Structure formats: C-alpha cells, structure tokens
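S.K.: Structure in structure tokens, see below.
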Amino acid sequence: MKTIIALSYILCLVFAQKLPGNDNSTATLCLGHHAVPNGTLVKTITNDQIEVTNATELVQSSSTGRICDSPHRILDGKNCTLIDALLGDPHCDGFQNKEWDLFVERSKAYSNCYPYDVPDYASLRSLVASSGTLEFINEDFNWTGVAQSGESYACKRGSVKSFFSRLNWLHESEYKYPALNVTMPNNGKFDKLYIWGVHHPSTDREQTNLYVRASGRVTVSTKRSQQTVIPNIGSRPWVRGLSSRISIYWTIVKPGDILLINSTGNLIAPRGYFKIRTGKSSIMRSDAPIGTCSSECITPNGSIPNDKPFQNVNRITYGACPRYVKQNTLKLATGMRNVPEKQTRGIFGAIAGFIENGWEGMVNGWYGFRHQNSEGTGQAADLKSTQAAIDQINGKLNRLIEKTNEKFHQIEKEFSEVEGRIQDLEKYVEDTKIDLWSYNAELLVALENQHTIDLTDSEMNKLFEKTRKQLRENAEDMGNGCFKIYHKCDNACIGSIRNGTYDHDVYRDEALNNRFQIKGVELKSGYKDWILWISFAISCFLLCVVLLGFIMWACQKGNIRCNICI
C-alpha cells in the first residue's frame, strides 16, 4: 500500500512539471535595462536623491599645483613686480621688451630702487598687463639747460649708483634750472604710453640744491587731458636710506595727438614711450611653480582642466575656464534610473522584466532581451535603442561646457584706498554673480538629469511597445515587462523578435490553439509558482487519501485481500 501511495505522489509531481509556463509549446520573453549593484545619487527637479547607473562629476575641485607654460605664454615675474619691470628697476633689467599672455607676480617680489608711489597704481598695472608687452622706444627729448640722468645710492646697478632705466631724472646745471617746455607728437598709428614722475624732496635744502627754486611745478598735457603736480616737500618714513619720494604718473597719447611737458623743477622725465596693444593678456598673483605642461585654464592655485563646465578651485582665472560656483559637487546623470537586480526569481528560476527591476551584467548595451524557451535561457542587448539614448546623452556635457566656460575672464579688479566704496560695490556685484551662477548651475544640472531619466525611461517603453506590436495576439503581456509566447519559439524565433523580422501570422494558429488548451486561471501574483506547487501538492495528497479509502473499503468487502507478515 505504501508503494502505491508513493507512486501516486510521484505521478502527481510528474504531471506538475507539465505547467503551462514550462511547456515546450510556450516561451517567455522579457525586456529589461542595464543595472549596477551600487548606483550614483543625483538630483533632479522632482527628487533630491535618485539613483542612476552612471553619473559624471561637473565640478573641477582641484588644480595641478603648477602653472602650465603652454599654450599661453607665461612670464614669471620672479623678484619683480610688473611696475618695477615697467620703470626699469636695476634688478628687473631682464624684463626689458618682454612679452606675455599672463604675467605672474610673486609674493616675494620687491622694489630695489628709489622709493616711489603710483597714485593710480591699479589702473596702470591693469593697462600694462592687458597690453602684454614691455616694448620700449627711446625718443630724443630736448632738455636744454638742465643736467640729465640723475642717480642715487638707493638704486644701485651692480655696485654703482644708478636710477630707473626708463626714466630721466633732471636736476640743476651750474645752479640753474630754466623753465622747460618740450613737445613730442605722436605720428604713429598706435597709442603711446609715457611714464613720468615728480620728485618730492625731504627738505627745503634738498629742493634748492637739486632744482634751485624753492618750489617746482610739473604740467603734462595732451589735446584730451592735462595733469599738474606741485611737489610736497617734507620728510617721509625712511626707505633704503631715503625719506624723499617719487610719484609716478602716466599719460596716453593717441595717434595725431601731441605730448606737452612744462616744468619749473622736480620733473622725472620720460626717455621714450611704451607701445600699447589691445589683447587678452593679463596678470595674476600666484606662488605656484611654472611647469612644462599644457592647460587652457590657469588659477592662482595652478592650472586646471577645462573639460568640466564648473570649478570651485578659485574665482580668479585666466583663459578658457569653467565657471566658478560655490558647490563642491554637481553630478550629471549619464545613465538611466538604477533598479538593482533581485537575487531570487522563485522556484522555477523565472526571469523578470524592467517593471520589476534592472539586469546586472548586461555589458553590451543599456536595453536588451532575456528569453526562456525549450532550448534554455539567453540574453542579448538591443543596440539600436541603446545608441538612441547614448547619442542624446553624450551631447549634454559638451553643451554645458559651451554654455558655461568663460573666455579670458577679467581675473583681478583692484582699486586704490580712495576708491574703497567702488571696491566694496565691485565685490558685492561679483559675489552676487557667483551666487546666481551657483543657483543656475544647480538648476541646470537638475533639469538635465530629469530629462536624462525621462529619456531613458522613454526608450525602454518604445522598445516594449515595438515588441508588443510584433507579437500581437501570439503572446500575452505578463505585467512585469515580460511576454508569454503561446507557441513554440526557438532561438531563431526569439532572434527575429529582437531584430524586428518576426511574422506573427506564421505562428498565429498555433498560438490560438495553445491558448485554449491551457486550463484554469493563470495567477498574476508574484507568488504564482509557490501557489501552483502548493495546489498540486494538495491535489496529490487528496488523491492519495481517496485511493487509500478505496483500498480500505475494498478490503472490507472482501474484494481485496491484504496480508501483513511480521
């Protein structure tokens, strides 16, 4: 009897294997998308944190630590400031007639000549820096009646006393200093920059010893401007053994204009002019070393790549640079929404589609197919839908860079102490611009991320609809991104569905017949396999009970004899 019961139960299990889902006359085809075990969190318009399969960092947060010498021409100021090089400080003679794209001033730079001040220092520095050259042309000024080329022990060239090489210190000759009236026309086709100065003696005695008169006067004029300076005689803090000073001024003479110099003393005269050019050159204060490398973007911290649309290394930049923002990180989604693959698929090892989760390990594409048929299981990527999504996403980063990279941004804005209010206003404007750009950057990236996720979801839906239209009534949508195909569909058949050559008419009759042969109601729950197994197990148990009851009834009636041997 035990043998009979066991055989009955085994028979039930054998019949159980003939489930519709595992019948050779049907197949399952699922559509899915790429997934990774650990995705990247990005921000969208509707969600602060959403996980995607891949994302690109948009904020450059570090520099190379050195200033690249290419493609920009970098001039290292070393121990010289730009103004000292302009005036011709003896220890800056090596900078005469030099050219640059970016002049790098060092914190160790110092002056080593007659102590001076420049009332409009920032403007002169900016003007010369943007010109990009120290090209100097000597001119023959007629300084009749005075001695030229004054010198000072505070300004030594080698071991002998000297003076600024681009300036001519005029002083008395034979205790005479006549009034000077000199003109110099600009017959060229470019602007000329003249540097001149006024000497402020420390005592009245020094004044008369050098210029005879108790008080001098200097007036420099053009058709467009006039400057008059009266020396201020008096002692000042001692610098390099001197308590007197020189004030440096500058005048631009346009083509066709005339430079007119009138003086009755204290004039530090020009020896010629500097050519003024219009260009993209500039100046930067930095102690970063200059290295042999190539980078379009330079900051005081060093060069940085410009392959990202934003940077937070330094707000001061030169060249084609990413836009400065306050954020440390902004991530652009370059992949689809990530739904990690579940580890279990039920008792039958069933496959699942994109509605349930993504597929890990699909390296050949973002979208693809998995199938289960009489020949086994398989997987293949759909390259067309993958490429359609990639083509639209790849251009995002380049478009962001084009929108945000600044070409030769004004890197430094300086003002004298007198212009403190203007400086405060400028700082406020710059800070406001940075705040706005930081907000715009975050909003722009969130919009792009939202579009990327919507785009990749749309491509998945397009592929699903394309497949559904091919299969028509030959298959049933299982509701999880899969189709149950009601006809025998080998690997060649599956391949025709993937490449769009499937002919549903060929399989239509077979699919309809198989639909009618399937008994019962197919459950749509995720626990379908479990319920089917439990149902068959209960059925087999009841069958065994009925069979056992029949045997016992037959034994009672004498129709069956049961011998028990011990």
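Glycine too: its Cβ is placed from the backbone N, Cα and C atoms.
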S.K.: Tell me which of CYS30, CYS68, CYS155 Swiss-Prot records as disulfide-bonded to CYS113.
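M.R.: Looking through CYS30, CYS68, CYS155, the record in Swiss-Prot gives CYS155 as the partner of CYS113.
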S.K.: Going by Swiss-Prot, which one of CYS68, CYS92 is joined to CYS80 by a disulfide bond?
M.R.: CYS92
S.K.: Candidates are CYS293, CYS321. Which one does Swiss-Prot pair with CYS297 through a disulfide bond?
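M.R.: Among CYS293, CYS321, the record in Swiss-Prot lists CYS321 as the disulfide partner of CYS297.
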S.K.: Between ASN181 (N-linked glycosylation site) and CYS92 (disulfide bond), how far is it from one CA atom to the other, in Å?
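M.R.: Rounded to the nearest whole number, the Cα-Cα distance is 31 Å.
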S.K.: State the three-class DSSP label for CYS92 (disulfide bond), counting H, G and I as helix, E and B as strand, and everything else as coil.
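M.R.: Once the DSSP labels are grouped into three classes, CYS92 (disulfide bond) ends up as helix.
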S.K.: Taking all residues of the topological domain 'Cytoplasmic' (552-566) together, what is their mean pLDDT?
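M.R.: That region's mean pLDDT is 65.
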S.K.: Far apart in sequence but close in space: which same-chain residues, 6 or more away, have a Cβ under 8 Å from CYS80 (disulfide bond)?
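M.R.: Residues satisfying the criterion: ASP89, HIS91, CYS92, PHE95, ALA109.
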S.K.: How many neighbouring Cβ atoms, not counting its own, are there within 10 Å of the Cβ of CYS555 (S-palmitoyl cysteine)?
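M.R.: Taking every protein chain into account, the count is 13.
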S.K.: In terms of DSSP three-state secondary structure, what is the assignment for CYS555 (S-palmitoyl cysteine)?
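M.R.: The three-state answer is helix.
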S.K.: Helix, strand or coil for CYS493 (disulfide bond)? Use DSSP.
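M.R.: DSSP assigns CYS493 (disulfide bond) to helix.
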